[in-house]
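Novice: This is the feature table in Swiss-Prot:
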BINDING   15-16, 90-92, 122-123, Gln247, Ser296, 301-303, Asn309, Arg335, 340-344  N(6)-(1,2-dicarboxyethyl)-AMP binding site
ACT_SITE  His171  active site, proton donor/acceptor
ACT_SITE  Ser295  active site, proton donor/acceptor
Amino acid sequence: MTLTALNAISPIDGRYVNKTRALSPYFSEFALTYYRLMVEIKWFESLAANDTIPEVPALDNKARKFLSDLISNFNESEAEKIKEFEKQTNHDVKAVEYYLQDKFQENEQLKSCVAFIHFACTSEDINNLAYALMIKQAIAQVIQPTIAEIMGSITLLGKQHADVAMLSRTHGQPATPTTMGKELVNFVARLKRPQQQLAEVLIPAKFNGAVGNYNAHVAAYPEVDWRKHCANFVTSLGLSFNAYTTQIEPHDGIAEVSQIMVRINNILLDYTQDIWSYISLGYFKQKTIAEEVGSSTMPHKVNPIDFENAEGNLGLSNALFIHFANKLTQSRMQRDLSDSTVLRNLGVAFSYSLIAYHSVAKGNDKLQINKSALQKDLSENWEVLAEAIQTVMRRYNEPNAYEQLKELTRGQMIDAENLKKFIKTLSIPEEAKAELMKLTPETYTGLATQLVKAFS
């Protein structure tokens, strides 16, 4: 059976394949094979460039081009050849080595250097670099731009609605008014920090042999400064070198990435739930598409499905990222293999995040402010001005300011007339009374509008 979106087991490669395809070059089986191949070749090239390893001479132009072409021209057909070797070896990294041994026979200089493919390496030397590069590239090329797009769309909504007054709700109850714009940019302000951390996080990598001590390296070439050579090799690939490891790099860097992703996703979970609530309150309407159906039985329905989809997928993603952070940092003694199958699911976690991010962006594009609903809620909750009145009373030493307003408003439905009657009884300057008399729930928004306009 040919794998299609219809018969794929995972919705990542099925229903949502159009949303996740951008991650395929970084997290597919082909991608892992490609990055392993690249690391093996780059390691071989580093040996050839080291004058203290005479058995691997400096590469001539033909050999350099041949190796470069192996990387740049690598395709699914070549990957299938590696899979054929794996059927014999039952070992995926060894299959890459055998494939390269076979390829080296096609170049006059390289065929005499076959023994130096995978030289002094354990599989984890290759794998940890491959995964680090995959994560780094996926974040830079796909995840970060998508997060930036979401932040941009939320910021735009916030700026558009900077001065649209809104009744706040704390504990689900009416509270001091804010503006819709201010509530939206709050989320962007929160996202900035983890987004920056994600951009700056260094993913450590090791290249120090079977148990991290360069045993085989030193046995073969005791005169070579292997610590320097391997550190230079790892950093040349844009990664951070971890000099102290067991057989495996302990994955603390991947755990850090996972925890940052969870924080980003939790902020977006909070956002999707708030937008869902605002839609439920009628504060936002959603643009309708004529051909779409909201319910199989209720023709009137326009549901917040994009935000609900995002919420579900963010939860799935977080479950995996939390597991990565907890599981990958633990390995028995010098290593056990339980991390291997977990690492193969890195792309699954990023994919669920990406699906959610696309849903958030799509949902944002449908939002239309419903000012009449916002104004109605404000006009029905004049009691929220109690805070302003009692605070002004305190300024002028009006006795029992808080208690007076509590008695007047707590659990009561208060209208403008009730408040104005109360204000007239106060022993505060007439100018202060006049200012309070002008105050309405819609104008009592503090510096919310200015905060949005100043936000960048």
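Glycine is no exception: its Cβ is also placed from the backbone N, Cα and C atoms.
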Novice: State which of the following binding-site residues has the fewest other Cβ atoms within 10 Å around its Cβ: Ser123, Asn309, Thr341.
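Specialist: Each of the binding-site residues Ser123, Asn309, Thr341 was scored by Cβ atoms within 10 Å; lowest is Thr341.
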Novice: Cα distance, Asn309 (N(6)-(1,2-dicarboxyethyl)-AMP binding site) to His171 (active site, proton donor/acceptor), nearest Å?
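Specialist: Here the two Cα atoms lie 25 Å apart.
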Novice: I'd like the Cβ neighbour count for His91 (N(6)-(1,2-dicarboxyethyl)-AMP binding site), meaning other Cβ atoms within 10 Å of its Cβ, all protein chains included.
Specialist: 13
Novice: In sequence order, which residues at least six apart in the same chain have a CB under 8 Å from the CB of Arg344 (N(6)-(1,2-dicarboxyethyl)-AMP binding site)?
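Specialist: The answer is Leu32.
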Novice: If I restrict to non-local contacts, at least six residues apart, and a C-beta distance under 8 angstroms, what lies near Arg15 (N(6)-(1,2-dicarboxyethyl)-AMP binding site) in its own chain?
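Specialist: Ala5 - these are the non-local Cβ neighbours of Arg15 (N(6)-(1,2-dicarboxyethyl)-AMP binding site), listed in sequence order.
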Novice: So, in DSSP terms, is Ser123 (N(6)-(1,2-dicarboxyethyl)-AMP binding site) helix, strand, or coil?
Specialist: helix
Novice: Have a look around His171 (active site, proton donor/acceptor) and count the other CB atoms within 10 A of its CB, chains all included.
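Specialist: So the number of other Cβ atoms within 10 Å of His171 (active site, proton donor/acceptor) is 6.
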Novice: Can you tell me the three-state DSSP label for Thr341 (N(6)-(1,2-dicarboxyethyl)-AMP binding site)?
Specialist: helix
